[in-house]
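Record features, source Swiss-Prot:
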REGION    1-23  region 'Framework-1'
DISULFID  CYS23-CYS88  disulfide bond
REGION    24-34  region 'Complementarity-determining-1'
REGION    35-49  region 'Framework-2'
REGION    50-56  region 'Complementarity-determining-2'
REGION    57-88  region 'Framework-3'
REGION    89-97  region 'Complementarity-determining-3'
REGION    98-108  region 'Framework-4'
Amino acid sequence: DIQMTQTTSSLSASLGDRVTISCSASQSIGNYLBWYQQKPDGTVKLLIYYTSSLHSGVPSRFSGSGSGTDYSLTISBLZPZBIATYYCQQYSKLPRTFGGGTKLEIKR
């Protein structure tokens, strides 16, 4: 199985900040990477598919980039509703596998 690693498990930032969350794969996944947002209430939403394509209804403050084994999700102008845990998922090879998640919190 392909192992997905999110080295930062938690991240604290201020409102208005630009935040980047990283994800790496144990082998090249050819841009077959999605990003998901899980809110504190458990709601899960697809944000980005195929590395950089914004899912319908997702604010343009969210963007994705990367290639090969290294990928990132960037949130510009952080807003309160962005507080969540973010997961990368590869679908280059079955089984689909997820990173361990990065929990984003507001710095007080």
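Any Cβ shown, glycine's included, is placed from N, Cα and C.
For the region 'Complementarity-determining-3' (89-97), the predicted model reports an average pLDDT of 98. For CYS23 (disulfide bond), the same-chain residues 6+ apart in sequence whose C-beta sits under 8 angstroms from its C-beta are MET4, THR5, GLN6, LEU33, GLY66, ASP70, TYR71, SER72, LEU73, CYS88, GLY99. Beyond the ends of the region 'Complementarity-determining-1' (24-34), by six or more residues, the same chain brings 2-5, 7, 46-52, 64, 66-71, 88-93 to within a C-beta distance below 8 angstroms of the stretch. The highest tally of CB pairs under 8 A with the region 'Framework-1' (1-23), across 35-49, 50-56, 89-97, 98-108, is held by 98-108. Counting same-chain residues at least six beyond the ends of the region 'Complementarity-determining-3' (89-97), those with a Cβ under 8 angstroms from any Cβ of the stretch are 1-4, 25, 28-30, 32-36. The Cβ of CYS88 (disulfide bond) has 30 other Cβ atoms within 10 Å, all protein chains considered.
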